[in-house]
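What TrEMBL lists as Ca(2+) 1 binding site is 24, 26, 28, 68, 254, 256, 258, 296, 299, 304. Per TrEMBL, Ca(2+) 3 binding site is recorded for 298.
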């Protein structure tokens, strides 16, 4: 997993904790100081800062941030400061609630995290919410959506590179038959998608493309607005080319009438330490504008400064 480039002169967590405490003191909050510290620390460093802050000031840093900040800037700083499994557990919980329901986020978490990372998310979910992620997904979905989402969040995929080409050929044929029959929620279709390793699934879908002349997502009724089909296509993209999925989320978040700050914040905070360079390349290729410039045009103030810093263009 990639991480932010941290120069060798980064202060100790004790110094960072002290500076953050100063940023909350006196008249008004020093947002620039908060950005200059947190936006330039990797996950392990942020975790240390939180521990030191709690030990020194007898207060959870997240609670201090919550009291001092507001709006989209607060959400960005809070999400970024959380450990990745905590963050994903929070995002997943929000996605199963009635008024913040978002099956797309569940697909992202299930399909773009490694098997071990997804396991850690489910551990964090149980620790915080005293129930399993599977339990909430089962409770808050039904029909074909439940049939797809529940095994996606339940799986522990093999992570190796080994590929069985005979299996890829036979399963690409099964997928083609099911697509031809419009049997999109067929048990075998879902089994292949939700249990095979990403390498095996990639080989199967490459064979599908070569054998039948089209990428499977093009055959999955591409223009349909049916939510199940849209989620099915998103799951396939997340499993095979996650940067394409996240580029699309960003493009829709930035380029429509009114910014989708929730989608924008989610992608930047969850992918900065993972595959943001690939996402930025894909965004530039697709939209002919650098992602940081597109975000700067569509946001403002501390929120803009934090997002751009997370993209790697802020000065430490």
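Numbering starts at 1 and runs along the chain as it is shown here.
A Cβ is built for glycine as well, from the same backbone N, Cα and C atoms used for every other residue.
Keep in mind it's a predicted model, so treat the numbers as computed, not measured.
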Nearest-integer angstrom distance between the alpha carbons (Cα) of residue 24 (Ca(2+) 1 binding site) and residue 298 (Ca(2+) 3 binding site): 28
Cβ contacts of residue 258 (Ca(2+) 1 binding site) (under 8 Å, same chain, 6 or more positions away): none
Residue among binding-site residues 24, 28, 254, 298, 299 with least C-beta crowding, 10 angstrom cut-off: 28
C-alpha spacing of residue 28 (Ca(2+) 1 binding site) relative to residue 298 (Ca(2+) 3 binding site), in angstrom: 26
